[in-house]
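Below is one structure, written out as structure tokens, with a few remarks after it.
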Amino acid sequence: MVSGVTYLKRGAVFGSGAFGTALACVLAKKCESVSVWHMNANEARVVNQKHENVYFLPGAPLPANLTFTADAEECAKGAEIVLFVIPTQFLRGFLQKNSHILRNHVVSRNVPVVMCSKGIERSSLLFPAQILEEFLPNYPIGVIAGPSFAIEVAKGMLTNVCTAAADIDMARKIQRIMTTSDGSFRCWATTDVIGCEIASAMKNVLAIASGALKGLGTENNARAALISRGLLEIRDLTLALGGTGEAVFGLPGLGDLLLTCSSELSRNFTVGMKLGKGISLEEIKRTSKAVAEGVATAEPLERLAKKHNVHLPICHEVYNVLYANGCAKRSFKKLNSCKLADEGLPALPRTSKM
């Protein structure tokens, strides 16, 4: 049993996709009741009747103390911790409509707020926690990041993640709330918030590259090289944006990159596999219920790297394949034909050569 964990009466989760549902299952072990906001009232009723999120996480029975609701205010009322797991590109719209609810029921009671969404907003090039900060200025916001496939989390399989906040005491507070007493979901605290957000976004783009390698017929050696060089790209952007780098070689960076780049449970990896086999992005979108996060992230990541003059060669080639009529085979040939260089682990970001 893990000592020092915190129990609450009520938790709230905004966002009912696979990961949001999985985190709600974790909270259900720590709270007397958990409410999950789902945008469709009819679907919320179906989930409550079946005790299973048949829309986004089938096969994982939901705890009896977990309920879905389409009423954002009902979800927030009385919550002692609030998690956000709304897709990044829809987060601002939700906050524009419902930020008053957060101010009335969350901020006024000094409730911990934790961002669990991953990606980069196209219009602003902001990360999810930065978007939330615009609506809750000067309010402490935490982040959860790390290797965590939703189905495994929901089923209580062993998972380790990081809780991050600018104030280490806040990160540790969230850590105590989210860590389960049986240790099946364990959190490690850090202050490298921007590092966690960058790693969470970039690993999805790099997973597309890894899947494309698989689709092209390569095996383990090539994937190991891609993960290693991809990790340096995460590090370079993290340092350029003011991160400490602590998260890069821990669970949010190396841990999540290893997981997402190596398993067909990752939607990003499977999208990459299809691209590597020559299937177009349009066809992938047409035949998929949910598009992988890395597809939406690759374009704003390309612009963010240029803005900060950081060279991200692998992520750049993913962008080319997705949005510039590129070809996976040509992109990897280009990457493997680059000028010979030292391995090196420079302390400062490499300057852009794009």
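Numbers run from 1 along the shown chain.
Positions of Cβ are set from backbone N, Cα and C atoms, glycine also.
These figures come from a predicted structure and were not determined experimentally.
According to Swiss-Prot, the active site, proton acceptor annotation covers K203. The annotation NAD(+) binding site is assigned in Swiss-Prot to G15, S16, G17, A18, F19, G20, F90, K118, A150, R267, E293. Residues annotated as substrate binding site in Swiss-Prot: K118, R267, N268.
Separating the Cα atoms of E293 (NAD(+) binding site) and the residue listed as 'active site, proton acceptor' is a whole-number distance of 10 Å.
Proximity to K203 (active site, proton acceptor), defined by a C-alpha to C-alpha distance within 10 angstroms, is shown by the following binding-site residues from G17, F19, N268: N268. A straight line from the CA of N268 (substrate binding site) to the CA of G17 (NAD(+) binding site) spans 16 Å. Once the Cα atoms of K118, R267, N268, the listed binders of substrate, are compared pairwise, the greatest separation found is 14 Å. Cα separation, F90 (NAD(+) binding site) to K118 (substrate binding site), rounded: 12 Å. The NAD(+) site in the record is lined by G15, S16, G17, A18, F19, G20, F90, K118, A150, R267, E293, and its two most distant CA atoms lie 20 Å apart. Here A150 (NAD(+) binding site) comes close to G17, A18, F19, T21, A22, L57: these same-chain residues lie at least six apart in sequence, with C-beta atoms under 8 angstroms from its C-beta. Recorded residues K118 (substrate binding site) and G15 (NAD(+) binding site) have their alpha carbons 12 Å apart, per Cα-Cα distance. Figure note: comparing Cβ neighbours within 10 Å for the recorded positions K118, K203, R267, the maximum is reached by K203.
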